[in-house]
Amino acid sequence: MAWKISCLMRMCRFLLLVILFLPCEVTSSVLTVNDKTENYILDTWLGSQESLKCAVKNHTREEELLWYRGEGTVDLKSGNKINSSSVCVSSISENDHGITFTCKLRRDQSVSISVVLNVFFPPLLSGDDLQTVEEGSDVKLVCNVKSNPQARMMWYKNSNILNLEQNHQVQQTSESLQLSITKVKKSDNGTYSCIANSSLQMETKDFHLIVKDKGVAIPIEPIIAACVVVFLTLCFGLIARRKSIMKLCIKDEDPQRETAL
């Protein structure tokens, strides 16, 4: 009986050791990117090039690596997958700002490390720069902006700071500066400048607003009413003269019948 208990105790110890050491062997591998062991933000500049090298540390066997750009996978050559792998991000643009690159173990994709690109670039402005509207109508001038760091924005008119009137309203977000003008007046005619100023650079975009004279409104409803009245008058006239018209038609037909006989 004591022998059986001893064997059972040995087996329990063995199973405990397997449970304790097996997970350590599976998860002992550590990933680094450019020798960093934790997720980090990489500061970079417009038009530059960055190299990201992912490597496996503390591995006991060859490990295959995967790279992701956002949610999509990055194609890697066969010699750029085992134990270490590099990706090159060239001609960096404003569209790369905020993109996440993630390196993972193929065997256990819970083991991963990520790098977020923080791309610095001066303000980039866009928008419809020419609008023609009638006096008394409403108009919106929208200046779209991309900038990192974020830019301070203002409206100018004819090279002077815009004095907001009662019919002016300005709205600003991280992506645009909007000027709304209700019931446009002739005095609103002119060139409006959207100015974005960041720590890197100041940029300006001009918006030309042309206010034309209000067109003469054509009274459509009275015209329609007059047409209806004329039409009804013609109809009543034709009905009233129907008998006369019928008599003329009958007289015209009688000579033809006599000739036929």
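From the backbone N, Cα and C atoms, a Cβ is placed for every residue, glycine too.
Unlike curated records, TrEMBL annotations are generated automatically.
Per TrEMBL, these features apply:
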| type | residues | note |
| --- | --- | --- |
| SIGNAL | 1-28 | signal peptide |
| DOMAIN | 47-114 | domain 'Ig-like' |
| DOMAIN | 122-208 | domain 'Ig-like' |
| TRANSMEM | 222-240 | transmembrane segment |
Confidence over the domain 'Ig-like' (47-114), expressed as mean pLDDT on the 0 to 100 scale, is 95
For the domain 'Ig-like' (122-208), the DSSP residue counts stand at 3 helix, 54 strand, 30 coil
Taking DSSP helix as H, G and I and strand as E and B, the domain 'Ig-like' (47-114) has 6 helix, 32 strand, 30 coil
